[in-house]
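Inspection log for the structure reproduced underneath, given as structure tokens.
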Amino acid sequence: MTKQKTISFCIIGRPNSGKSTLLNRIIGEKLSIVTPKVQTTRSIITGIITLKDTQVILYDTPGIFEPKGTLEKAMVRCAWSSLHSADLVMLIIDSLKPFDDVMHDILDKLRSLNIVPIFLLNKIDIESKYLDDIKAFLTENHPDSLLFPISALSGKNIDGLLEYITGKAKISPWLYAEDDITDLPMRFIAAEITREQLFFNLQQELPYKLTVQTEKWEVLKDKSIKINQVIVVSRESYKTIILGKNGSKIKEIGAKSRMQMERFFGFPVHLFLFVKVRELWENNQEFYQYMKI
């Protein structure tokens, strides 16, 4: 009988560097939400893939940046906390952008924690004027770290990365069933799907000023699911924008969210969205517990 092996790794880095895209690419499912806007991921998203005798557990994390408000600070703390749960730490680097102070701060903190990260130089499928300089800097200043040039979007060199990761796995019973892709509750995933559509369909800063909670999940006789969700905002004016003229905006968001849920869960969904105003919700620990940060 083949002995089971397990290994875990976390993916950290700046916002929009490709962390969520990489998780989705590796597990082969759209689990972690991805938008063109920064700071989309708010909590640790656990992905699972079982390759032959090895189970790989990976943690997508919020982007690391210079936080200002209470929510932003909680997100960054959440990202750093993931390091304690993983066997390997992957620092994903956007090769289309120059190194800045935040990147240097990340490297300094990793060094202070005695962590030798694996560098994932992402977006190499696009020509970059910074690529050679980044490689030279990392090679000279971090000779003990491995460097994998990859493209999370196209999948370039991902097989080689996975071969390295599985080669580091140790004999240990799997923590999850062979076909599991996450340990996140379906209610949480459904809320994330709606939050993604809010990012795509609302302008400017409004998506950062809200949260989504799944309040009801009911399996009906025909095996379809009735889902009630609440979009929580801090101002009445935000509620007006989300609702749109005659409710047109929230209907559009609801329709797109429902389609994504049906695609992910594999069963019909009846989705009902509501908007509630809770002033200063960002200061309420109840919401942070729900968001898992």
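Even glycines carry a Cβ here, placed using N, Cα and C.
Since the structure is predicted, the reported quantities are computational estimates derived from the model, not experimental observations.
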Review point. Pick from 39-43, 139-143, 244-248: which range does Swiss-Prot record as region 'G2'?
Key: 39-43
Point to revise | Residue counts (helix, strand, coil, in that order) that DSSP gives for the region 'G3' (60-63) | key: 0 helix, 1 strand, 3 coil
Practice item. Could you give me the DSSP helix, strand and coil counts for the region 'G2' (39-43)? Key: 0 helix, 0 strand, 5 coil
Point to revise | Tally of DSSP helical, extended and coil residues in the region 'G4' (122-125) | key: 0 helix, 1 strand, 3 coil
